[in-house]
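Peer 1: Once you've had a glance at the structure underneath, I'll fire off some questions.
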Amino acid sequence: MATNTTAGIGPDAFTTEKKRDDGQISPEIGIEGPDSYTLDHPEKDASEEINYHTLTWWQAGVVMIAETVSLGILSLPAVVANLGLVPGITIMIFMGLLSTYSGLVMGEFRKQHPWVESFGDAGEVMGRSIGMGKVFQEVFGWAQTIFQIFVMGSHLLTWTICLNTLTNSSVCTIVWGVVGLAVFWVLNTPRTLKAAGYYSFVSFASIFTAVMVTMIDVGVEKPLGTTSIEVARTIGFSSAFLSVTNIAVAFSGHSCFFSVMSEFKQPNDWPKALWLLQICDTVLYIVVSVVIYVYVGPNVPSPALSAAGSVVVRKVIWGIAIPTIVIAGVIYGHVAAKYIFVRVFAGTKHMAKRTTLGVIGWLGITAGIWIIAWIIAQSIPVFSNLLGLVCALFASWFSYGIPGSLWLWMHYGEWFASPKKIALFSLNALLMLVGLLLCALGLWCSGEAIAQDSGTDPWSCKSNAA
């Protein structure tokens, strides 16, 4: 038994922690460490145990690529068209580097606290040092879950755009939303991410092929030099900042990072998976957004898959994109449902065994969050506006602000101990500042855009095909 009683707000301020037989640390207060539900249980039947540690680093990297490189990439050509070529590329590189570093900070934090599998757990660890563990746990954990449900809603919205495009809007948009609700829910019935490690290949191949076909089509239909290209543009602040939030949300997979880490076979392989994700998404974002903007010009639609000139090709592209629309949404649904499930059933046999109550609980939770996501999709029917709101409310903190605070907390009292520490302190303070600005200004800009957008009515049968 190891007890730390040092006062202050740093990591040494833990109240009580205990060393487990498997070498990991679990808190004696707060919720149980997530790995505790895989330990031996007196009633455990080995044939029924659910193994939550199934991902290799490359499988985890592919899962995160499928989760991250999905809807975000579809808004980026329009972002470059709005900001101009140079500002668009510069901000993408800057946000990509920041999000990579913040992911490494999250890996460092979980290495010190291996039982953490959500931002709620991380908040509980930090809050414990000032007697606010339970409060931080609830605020961080449920904020993460709400964010993921909003992203699920954006996938459902994209599903309706896709189906309207493929069917020439032959069915009410609300009906397509209900069909999508059923499809996403059925695919969310598995309790682990093991299957996602394989079908995420399909998801990545789907979005990659779809954007490649789009680029080829616009390159053939609109030869270079036939469209106007601006190196930089002078636009209103609200429009410009909404574009920045769309870039930020393209790098906002962080809300799932702790959960993915918790399912690693070898947790120390996290940096490999992160670099695989960030190199792939940054390169793909820049190439796709620049090529489509250069050939299409200032009138690039969002989502960008509708940039193809031919109706037939446009339908082919949207058909190819269906797997990524669905699979990436299902990954977010899994993480959100798992957090709720752990909160309800932590410490019980239902975590590690396929009991009747556990199965009913999982199915009920997944159905409930997809219904909420469907309501969001119907209420905010404009793609870029929904992404901007999601970024401002949540991605600003999970991808930038909170990781910065995790580093400051872990290294409390050592911020200025050396030139390296001073540089890292400045970098993490910048993360927190970026998170704050994205939240405050992004909320204002996205709220203004939603209020002014009269092109699509909420809860309407009207087609939303681009």
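Backbone N, Cα and C atoms are what each Cβ position is placed from, and that goes for glycine too.
Pulled from TrEMBL, these are the listed features:
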- 53-444: domain 'Amino acid transporter transmembrane' (DOMAIN)
- 1-42: region 'Disordered' (REGION)
- 57-79: transmembrane segment (TRANSMEM)
- 85-104: transmembrane segment (TRANSMEM)
- 139-161: transmembrane segment (TRANSMEM)
- 167-187: transmembrane segment (TRANSMEM)
- 199-220: transmembrane segment (TRANSMEM)
- 240-261: transmembrane segment (TRANSMEM)
- 273-296: transmembrane segment (TRANSMEM)
- 316-335: transmembrane segment (TRANSMEM)
- 356-377: transmembrane segment (TRANSMEM)
- 383-410: transmembrane segment (TRANSMEM)
- 422-444: transmembrane segment (TRANSMEM)
Peer 1: The transmembrane segment (240-261) vs the transmembrane segment (273-296): three or more C-beta pairs under 8 Å (separation of 6 or more)?
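Peer 2: Stretch pair touches.
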Peer 1: Quick one: do the transmembrane segment (57-79) and the transmembrane segment (422-444) have at least 3 Cβ pairs under 8 Å, skipping pairs fewer than 6 apart in sequence?
Peer 2: no
Peer 1: Would you kindly list the residues that approach the transmembrane segment (167-187) from elsewhere in its chain, counting only those six or more residues past its ends and only Cβ-Cβ distances under 8 Å?
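Peer 2: Distant Cβ neighbours of the transmembrane segment (167-187) are 152, 155-156, 159-160, 326-327, 329-330, 333, 366-367, 370-371, 373-374, 377-378, 381, 459-465.
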Peer 1: Are there residues at least 6 beyond the ends of the transmembrane segment (356-377) whose Cβ is under 8 Å from a Cβ of it, and what are they?
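Peer 2: The answer is 145, 149-150, 152-157, 160, 177-178, 180-181, 184-185, 188-189, 191, 333, 336-337, 340-341, 344-345, 350, 386.
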Peer 1: Three or more CB pairs closer than 8 Å, sequence separation of 6 or more: does that hold for the transmembrane segment (316-335) against the transmembrane segment (85-104)?
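Peer 2: Taking Cβ pairs at least 6 residues apart, the transmembrane segment (85-104) and the transmembrane segment (316-335) are not in contact, as fewer than 3 fall under 8 Å.
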Peer 1: Which residues of the chain, 6 or more past the ends of the transmembrane segment (85-104), have a CB below 8 A from one of its CBs?
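Peer 2: Contacts of the transmembrane segment (85-104) (Cβ under 8 Å, skipping residues fewer than 6 from its ends): 76, 79, 229-233, 243-244, 247-248, 250-252, 254, 257, 271, 274-275, 277-278, 281-282, 285-286, 289-290, 293-294, 399-400, 403-404, 427, 430-431, 434.
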Peer 1: In the same chain, which residue numbers or ranges, 6 or more beyond the ends of the transmembrane segment (139-161), come under 8 angstroms Cβ to Cβ?
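Peer 2: For the transmembrane segment (139-161), the list is 70-71, 74, 118-124, 173, 176-177, 180-181, 183-184, 255-256, 303, 318, 325-326, 328-329, 332-333, 335-336, 339-340, 343, 369-370, 372-377, 380-381, 383, 386-387, 389-390, 393-395, 397-398, 402, 464-466.
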